[in-house]
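Q: Supplied in structure tokens, the structure appears directly below.
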């Protein structure tokens, strides 16, 4: 054991709790939305995509981690490590790029940079396809030789290899690609869209350009998406920061807990994304009841 058996037991219990909550609430989100026609709006397609991403993390990642934590190390071999790392990365990236699509949708709908534009079903499907393509562009390369997935932290979960420094082993290019294309760029787009959105909401309120009902509806949707973005950042920024520090300080000594804590902190979006959607969407709650 790298740490005490009690730490592995706590980790297993934590993963069991995430599965116990994450699977039902995400499945409920999918079921209720597909069951009620009035919930099948273009915007909700993107929110459903978040639920699918969370289920990937729950079924492909959390179950594996709970099982390996019972043994105190990653017992599933290279194939299991690749699958766990792939599903965890894919789920996180689908969620991130879905939030990018939601931010762009909110910016276009509220700020109206394109006159008479409506976010249609075709636009939503294009957004879904875009989020999957970008997520796969991050999750697949380690499977085909551009870097690799390895056990990290307490060795119960797998992630991208930020650590190895050896002759003939080049991990710099992929890590830089991932941080720029799959972290900094999407976050920059999100911050730009919501910066413009806040300005537009204040201007519309001051000018009273739209009805009070319309303004209230747009504000509620925007508030829900903003909270999802904040939650994503709270969970993923510690992991990204620690991973970047390890990459920039390869060869430095650090304990297994150093990477384990932010790694498992980053798994919580699978729970809070659907709970935010359920708590802040009155129409969904009405259909659920």
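Any Cβ shown, glycine's included, is placed from N, Cα and C.
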Q: Kindly tell me whether the record in Swiss-Prot places residue 4 on the same side of the membrane as residue 153.
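A: According to Swiss-Prot, which assigns topological domains, residue 4 and residue 153 fall on the same side of the membrane.
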Q: Which range is it, out of 124-144, 145-165, that shows up in Swiss-Prot as transmembrane segment?
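A: That would be 124-144, the stretch labelled transmembrane segment in Swiss-Prot.
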Q: Which residues of the same chain, at least 6 past either end of the transmembrane segment (82-104), have a Cβ under 8 Å from a Cβ in it?
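A: Distal contacts: 43, 46-47, 49-50, 52-57, 59-61, 64-65, 76, 127-128, 130-132, 134-136, 138-140, 142-143, 149-150, 157-160, 182-183, 186, 189-190, 193-194, 225, 228-229, 232, 236, 266-267, 269-270, 273.
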Q: Which one of these stretches, 8-32, 124-144, 258-279, has the most C-beta pairs shorter than 8 Å to the transmembrane segment (174-195)?
A: 124-144
Q: Cα of residue 267 (N6-(retinylidene)lysine) to Cα of residue 158 (disulfide bond): how many Å, rounded?
A: 13
